[in-house]
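Shown next, in structure tokens, is the structure this report addresses.
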Amino acid sequence: MSKLEFQTEVSQLLQLIIHSLYSHPEIFLRELISNSSDALDKLRHLTLTDDAFKTLAFNPRIDLVLDEEAKTLSIADTGIGMNEEDLVSHLGTIARSGTKKFLSQLSGDQKKDSNLIGQFGVGFYSAFMVADKIEVISRKAGEEAAWKWVSDGKTGFEISPAERAEAGTTVLLHFNEEGSQYANSWRLQEVVKKYSNHIAFPIFLTYDKSEWNAEEKKSEKTRVTEQVNAASALWRRSKSELTDEDYKELYKSISGDPQDPLFWFHTRAEGTLDYTTLFYIPAKAPLDLYQAEYKTGVKLYVKRVFILDDSKDLLPQYLRFVRGIIDSEDLPLNVSREILQQNRVLTSIRTASVKKILSELKGIATKEPEKYLEFVKEYNRPLKEGIHGDYANRETLLELVRFKSTKVDGLTGLAEVKGRMKDGQKSIYYITGGPENLLRTSPLLEIYKKKDIEVLILDDDIDEIVFSQVESFDGTDLKSVNKASTSEDLKDESEPENTEALAPLLARIKLTLGDKVKDVRVSSRLADSPSCIVSDEEEPSLQMQQMLRAMGQKDIPLPKPTLEINPDHEIVKKLLARPEDTVADDAAWLLFDQALLMEGVALSDPASFVQRLNRVLKLTV
Ligand SMILES: Nc1ncnc2c1ncn2[C@@H]1O[C@H](COP(=O)(O)OP(=O)(O)OP(=O)(O)O)[C@@H](O)[C@H]1O
């Protein structure tokens, strides 16, 4: 017998599980059944694809055996099984990135932390919520030896040789006080139906059934074995046969999410390709949504046989929050991960699935706008990633994304914005580069306010990258007000331009600012502010450049913005009247620096700014 210690993270996790106030300890059964079902899937796959396993008998089943007196429950499967090495690595360490993430998010507040367990599901180890001792007896398919793993969930585990007639795994739980409520056949049936009803394999429960013996007028106990789940691939049934409850139940059993999904889309395609898809949108974005190592949520089946559930090729990355099932009639059962990437059948299913998901979402946006907002609250950002990466569906994605705006409270869509355009308005406008409050007070918006034109407030840090690539929406140009040329749109032909008279002043300011600016121009976009900063078409905005530098791209050239001056502003008018005034140089710098500050750009030389400000103040106070 060998004694081994748990990896530190496992001990940490177990500590938490044992001491947590977790409110649904019943999920232990879902986790163990799902492990058994995975093990059966794996073995089935091998028997179909690997010559060495083709002759093995495959009698898939999961058996729950309850001993009410002894307060034990065993969960046995005829799946792939584990050998000694597997037992040590799978049940002694944590390989799942999700669980590691979970541990890193713990706050120490028991209540919050136990909610987190609910969202993550912690797999096999969750059984220690209900058991003070667990024995695992397993024999790997194709091998003769069986092994026993035993642990009290405290410091470590012991491994010793064991006996098992067939390949598979038996997990024997010795219930603790909390767990003794599950030493009850009613309770077990209820939990299996709730979470595991649609597991594709039959689940049997063996227990002592009480039956009334009418002759002897007493109740008698008989040992029975009954199937407790429906074990049907529910997604293959027609929509009309299924209730909302069926869909929700299946969602919970495949996703492990205890909440109901927001929506689901069930499609059966027949024709050139035959396949079924059932996609779900979780009510809350998965916690790993913005992690490079996110877990995918779509399972691939071929003719009802589970193939894999961790392929990032089933849906594009921006739809990584979607959960569900793709079941194809046309793929070969031995399709490998590598082949999937260039498989024509899968490419067609994927293309059609994306179109389907997006068009269903579009339908909801129109028919149930309130419900759609719940969706947008969680998933606006991945949709924007889609605009960036999925050119073929860009127009639909543009319709789906929602924006803040100067015209409405809450969020609005581009179609509505287009509908609100004023007579003669040439483009749809947006502003990027900073937090919402900064954008809303930007001098760049003044002319739009004056002309009562709507501007979208794009305050998400990916907005500039995404929308700088989008030229139009539904035939209307989409323009950033941060760009120099955008104000051309707004030029009023009737407004005479006083450029000539301003030329010496512009030249003077340009001389003072030297190579800090690309150009100094008369502005047609300002109303109340004396100056503002704009960027050239091809250049990233100042904030973007600032961000790139903060991210370590030191070699990008210093920004050279264009300074625009408001010819109607008091300060500018006074400077124009007295070009040789002693404060002219200070004024030039102050006009420039204040424009930078309004754009949320940090000044490179704040000391000089303050000195100039004080010199000017001294003259006026
Ligand atoms: N009944 C079983 N048969 C064979 N292997 C098993 C069984 N139960 C667990 N394992 C092995 O132990 C590993 C760890 O199980 P655990 O439940 O902790 O996580 P997981 O199942 O990998 O993750 P998730 O619950 O997110 O799918 C599994 O990946 C599997 O390799």
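Here, residue 1 is simply the first one shown, and the rest follow in order.
Note: Cβ is positioned from N, Cα and C throughout, glycine not excepted.
Sequence annotations record features per position, and here TrEMBL assigns region 'A' to 1-337. If you average pLDDT over the region 'A' (1-337) in this model, you get 88.
Under the heading domain 'Histidine kinase/HSP90-like ATPase', TrEMBL lists 24-179.
The feature ATP binding site is assigned by TrEMBL to E31, N35, D77, M82, S97, G98, Q119, F120, G121, V122, G123, F124, T169, R337.
Using DSSP to sort the residues of the region 'C' (547-621) gives these counts of helix, strand and coil: 42 helix, 4 strand, 29 coil. The feature region 'C' is assigned by TrEMBL to 547-621.
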CB neighbours within 10 A of E31 (ATP binding site), counting all protein chains shown, number 20
